[in-house]
Amino acid sequence: MAARGKVAAFNLPPLPTVGEIIKLFRLQAQKQLSQNFLLDLRLTDKIVRQAGKLKNAHVCEVGPGPGGITRSILNADVEQLLLVEKDPRFIPGLQMLSEAAPGKVRIVHGDILTFKMEKAFPKHLKKNWEDEPPNIHIIGNLPFSVSTPLIIKWLENVSKKNGPFIYGRTQMTLTFQKEVAERLTANTGGKQRSRLSIMSQHLCTVENRFVIPGQAFVPKPEVDVAVVHFTPLVQPKIQQPFELVEKVVRSAFQFRRKHCFRGIETLFPESERLKKTEELMMAADVDPTLRPFQLSMSHFRNLCNTYRKMCEEDPSLFAYNYREELKQKKRQHLPKSTSQTEQTEEEH
C-alpha cells in the first residue's frame, strides 16, 4: 500500500510475455521491413534507462512492434506514451498494453517518416531552446532500413527547430546497427568518420551508450546493435542552413579515400572548378591533401562559412549539381573526364 501523501508508482498488471504475444497474434518479423524483436525485458529496461528519468514524462516510441520496450517505458511511470506503428499486425497486441495502462497510451497506425510530430505533445510542455530539454523523449528500436533516413530527417528538424523539436531540445534514445552508431559518434581521424558524424555532432551531443549482441534479437540479425542517445545543442557547431552544411559535407566525403579537395571540387561547375576549389580551400585554411575523415569540425565550419560567402557572391553556385552535370555530359556523348570515370564512395 502506498504511504500516506504519496502516489504509488505505476506498474503494469500481469500480462502475457512478449513471446506469448508473438505466438498469440502469430507475429513474424518481416525481413523486407528489417524487423527484429527484442524479447529480453532486462535489455528493454536498460535501453529505457538510457533516456534518463522518465517519471511523468511524455514519450513517443517509434516502431514498438510487439511491445517489449513499450512495457519498460510504461513501468518507468511516464505520464503519456504515444506509439507510432506502421505494421497493422502489431496493433492488437499494443491495444492490450493500452488497456492495461488506462489513459496513458495513444496508438497511431502510421509511418514515422511522414507523421506530424509538431502536434504529438501538449503545448504546455514547450521550453525555450536555451532552457533545459523539455520532459519529452523519443525512444525506438528502429528498423535498419529506416534508421539513417529518419535520423537525417530529425537532424534537419533540430537545425530548423521544427518537428519534435518545436517543443525545445527534445532528447532521443534510438537503436542503430553497430556500424552506423560508430559513424554517428566517430572522432576526427577515426576510420568510421563520415557524413553522419559531422551532421549529427554539429547539432547534437551524441553518445554511444552500449552494444546489444545480435543474438539477443529474434530473428537474429547479422550485425550487433548499439543504443545511441542524442541531446540537441543550444548552439550548433556550424551556424549555417542545414541544406548548405549537408551539401558541403556530402561533397567532402564523396571520395573518402582520396584527398579532400577531390570531393570539395564537386561543389563547382567544371568551367571554374580548379580556381574556385583553390579559393575555397585557401580561404577556409584547409590542407587540400587531408583525407575527408581527417577534417575536424572547425575545418568543416570554415568550409561552410566560406562556401556561404561564395554563394552570396554568385547565387547560382548553390543550385549547381555535380551529378546533373555528369548526366548532361553523358547525354551529349562528350569524352569522359576523370571525374566521370572515377568511382564515387559516397555513403548511403
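Backbone N, Cα and C atoms are what each Cβ position is placed from, and that goes for glycine too.
Those TrEMBL annotations? Automatic predictions, nothing curated.
The feature S-adenosyl-L-methionine binding site is assigned by TrEMBL to Asn36, Leu38, Gly63, Glu85, Asp111, Asn141. Marked as domain 'Ribosomal RNA adenine methylase transferase N-terminal' by TrEMBL: 43-234. TrEMBL lists 328-348 with the feature region 'Disordered'.
Contacts of Glu85 (S-adenosyl-L-methionine binding site) defined by a Cβ separation under 8 A and a same-chain sequence distance of 6+ are given as Gly63, Pro64, Gly65, Ile91, Leu94, Ile107, Val108, His109, Gly110, in order along the sequence. The binding-site residues Asn36, Asn141 differ in how many other CB atoms lie within 10 Å of their CB, and the one with the most is Asn141. Each of the binding-site residues Leu38, Gly63, Asp111 was scored by the other Cβ atoms within 10 Å of its Cβ; the lowest score goes to Asp111. Those residues noted as binding S-adenosyl-L-methionine (Asn36, Leu38, Gly63, Glu85, Asp111, Asn141) have their most widely separated CA atoms at a distance of 21 Å.
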